[in-house]
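Record features (TrEMBL):
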TRANSMEM  57-85  transmembrane segment
TRANSMEM  97-120  transmembrane segment
TRANSMEM  278-300  transmembrane segment
TRANSMEM  307-325  transmembrane segment
TRANSMEM  331-348  transmembrane segment
């Protein structure tokens, strides 16, 4: 199992545990006070049911697996930790044990392994996909619009002539000189670039952007629009994990296991996914848009507490935008897998709140006197 499906499956587990914790929350309710005055009301104190130890352990373990399977999980866990403490302060011990401690332990282990050269640190260029695409688009379509000072700053980092040749709107990996193709164009000078050289990257990028704002906007949209356009076919479908040339070439023991069946299934679903409207549910962006719709509904209905637990999915969408490729299904797997449970969460909250209505705080009723 590769890291993206592993993260997606673990995210569903993680999300399910969060819903269990959310459902155990007992909000204050306004009930008539036991007095002769009929119009007097009082608020029942908030109670917090005891959380089973297995639930806390499940959240901690799923957090650790998420952190191990994807680097960006650090930001997702950190965001949820802050939001959970704000939305449900009474359970601060649970959040500390299940979120904060795994986060600190993982980061400490990662720092130690990197410091001892057991593992290598990430290349700074990996987080600059959009910037590279913007520079590449300008180099290809308006090379004379690149100031000489920016060329000088980029010279130790990027071969601009190669960038003009390699730029492809859908995929930033070509600009990072990534991939295993022996005939690939070398754009990023990864063999010779230094940390000092990289300090000039953002200055050069900004200078080129001031001279070419429209091309910069076009490049950013071309690399990310497919994640939010249901009519856009995946650049790389999720079916890649079922049947692809890499499996057949590099893993023959897997290729020979139900190979014919996998070929047939992949063929059927590939054809289905290309049918307008009917094929949309096979696209990751279909589920991404539905998640956004539910998030918007929670904002309109002011379900702030539920929204606090769902905001990490918005951060996942930010990860998609900054990912190397446009409309790459693997980055949308967590949202596709978790949507059904998100819909159940929304519907159960609707039933608990007595139908579709707005709630001023977190689903609680406010006390009133006549």
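Using N, Cα and C of the backbone, Cβ positions are placed for all residues, glycine too.
Predicted automatically and left uncurated, TrEMBL annotations should be read as such.
Sequence-distant contacts of the transmembrane segment (57-85), counting only residues of its own chain at least 6 positions beyond either end whose CB sits under 8 Å from a CB of the stretch, comprise 3-4, 6-7, 10-11, 13-14, 17-18, 21, 91-92, 94-95, 97-103, 105-107, 122, 308-309, 311-312, 315-316, 319. Long-range contacts of the transmembrane segment (97-120) within the same chain, counting only residues at least 6 positions beyond its ends with a Cβ under 8 Å from a Cβ of the stretch, are 56, 59-60, 63-64, 67-68, 74, 77-78, 80-81, 84.
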